[in-house]
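Asks: The structure is given below, and queries will be raised subsequently.
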Amino acid sequence: MKPTATPSFLEQTLSGKTAIGLPYKLPGGVNVQVMDEGVIRFEPRDSAHRKLDLVISCGVHGNETAPVELADALISELMTGALKVRARVLFVFGNIEALRRGVRFVESDMNRLFCRLPESHDGPEARRATMLEMQLMRFFARAMQDGKPRLHYDLHTAIHGSLIEKFAIYPVPPEGKRFDREQIARLGRAGVSAVLLQSARAPTFSYFSSQHCDAVSFTVELGRARPFGQNGEVDLSAMKAYLRHLIEGRIPAGAGRGDAPTVFRVSREVMKRSDAFELKIDGKTDNFTPLPQGMLLAADGESECRVEEADARIVFPNPDVVVGQRAGLIVVPDSATA
Ligand SMILES: O=C(O)CCC(=O)N[C@@H](CCC(=O)O)C(=O)O
Ligand SMILES: [Zn+2]
């Protein structure tokens with residue numbers, strides 16, 4: 001009889017078979033430990049082999065499966081020893097119940113539930129977000145003392161088509177720090193063509209790790225959201241190669257001028273303040289579609305949102321978000337890089 005293959009970490013997670021466990025040893029001097037459901041850590045035993053601290057998260061939205069398949073493939077390579085670990089690496093599958101159901105979220109959008117006030121609304125996704133915050137604080141705590149690079153890539157795919165397929169959102173670094181241009185240039189090596197500098201606070205996972213773990217963090221959009229097994233058209237080869245380099249403790253140089261990402265700045269968030277909110281463009285408009293100066297972009301009761309900026313483009317237009325959330329971003333070329 002043919003032996004059955006060991007289920008991957010993703011398969012085990014989706015079938016409810018991962019639980020917090022004791023660390024165990026892999027050949028090649030690596031400790032591995034399941035920290036919580038869908039959260040697994042790899043750590044070289046020899047501290048000289050811990051070149052950096054890296055968090056790779058995915059599945060914060062349960063319908064965005066291509067990055068989850070990518071992370072699962074990397075975990076399998078680590079388990080078999082095909083990929084050598086020269087970094088501390090934490091993998092996170094964000095919203096497991098939503099991944100099981102193939103939906104963006106079950107009750108509330110988890111990527112609007114980080115950095116919450118303790119007394120705010122509770123629910124399964126809010127509790128999971130808080131648990132993930134604790135996991136990241138714990139993971140990065142040691143790194144804060146040893147001065148090694150701390151990186152967090154929160155991998156997503158987008159609801160919309162996009163004139164720029166792969167792009168990243170760079171949340172504002174903590175007070176006293178600047179957006180790091182070298183980190184932006186490096187993302188060019190991962191196939192990322194544009195980076196949006198976001199200066200406002202955000203309830204997102206990458207904003208949390210940037211502010212509270214002092215990590216260099218990005219939300220990375222890698223193409224179109226599709227169900228498990230249907231991601232053939234999403235080419236993640238450059239991102240996979242980039243993450244493999246980091247896991248092997250090698251920090252890639254920034255991309256050359258031709259491949260360096262174009263930098264945009266988030267000029268404004270379009271907020272949905274009431275049920276009367278109306279987006280004046282189609283909610284299915286492609287990301288990065290130019291917006292003519294002066295156009296009426298949205299109305300919310302008496303208040304109007306007109307495009308004042310030159311060279312503005314729309315990203316993540318979505319009139320269907322709940323009241324109080326952003327219904328789109330207006331981005332403009334970053335003058336410091338133009
Ligand atoms: O395609 C869309 O409209 C949403 C894609 C998505 O989930 N994007 C993230 C971006 C997070 C950030 O701004 O850092 C999100 O909306 O949560
Ligand atoms: Zn997402």
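Here the Cβ of each residue, glycine as well, is placed from N, Cα and C on the backbone.
Please treat TrEMBL annotations as automatic predictions, because they have not gone through curation.
Small disclaimer: the values here were computed from a predicted structure and weren't measured.
So TrEMBL lists these for the protein:
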{"type": "ACT_SITE", "residues": "E221", "note": "active site"}
{"type": "BINDING", "residues": "H61, E64, H156", "note": "Zn(2+) binding site"}
{"type": "DOMAIN", "residues": "53-240", "note": "domain 'Succinylglutamate desuccinylase/Aspartoacylase catalytic'"}
{"type": "DOMAIN", "residues": "260-333", "note": "domain 'AstE/AspA barrel-sandwich hybrid'"}
Asks: Between H156 (Zn(2+) binding site) and E221 (active site), how far is it from one CA atom to the other, in Å?
Replies: 5
Asks: A 10 Å Cβ contact count, applied to the binding-site residues H61, H156: which residue has the minimum?
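Replies: With the binding-site residues H61, H156, fewest surrounding Cβ atoms within 10 Å: H61.
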Asks: Which residue counts does DSSP give the domain 'AstE/AspA barrel-sandwich hybrid' (260-333) for helix, strand and coil?
Replies: 0 helix, 38 strand, 36 coil
Asks: May I ask for the distance between H61 (Zn(2+) binding site) and E221 (active site), taken between their Cα atoms and rounded to an integer number of Å?
Replies: 12
Asks: With the Cβ atom as the reference point and anything under 6 Å counting, tell me which of the recorded positions (H61, H156, E221) are near ligand 2.
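Replies: Within range of ligand 2: H61, H156.
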Asks: Inside 8 A of the center formed by the CB atoms of H61, E64, H156, which other residues of the chain have their CB, for the recorded Zn(2+) site?
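Replies: So the extra residues in range turn out to be C58, G59, V60, G62, N63, P67, R104, N111, L155, T157, A158, A225.
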Asks: Sequence gap of 6 or more, Cβ distance under 8 Å: name the residues on the same chain that satisfy this around E64 (Zn(2+) binding site), in order along the sequence.
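Replies: Once residues fewer than 6 apart are set aside, E64 (Zn(2+) binding site) is near C58, R104, H156, T157, A225.
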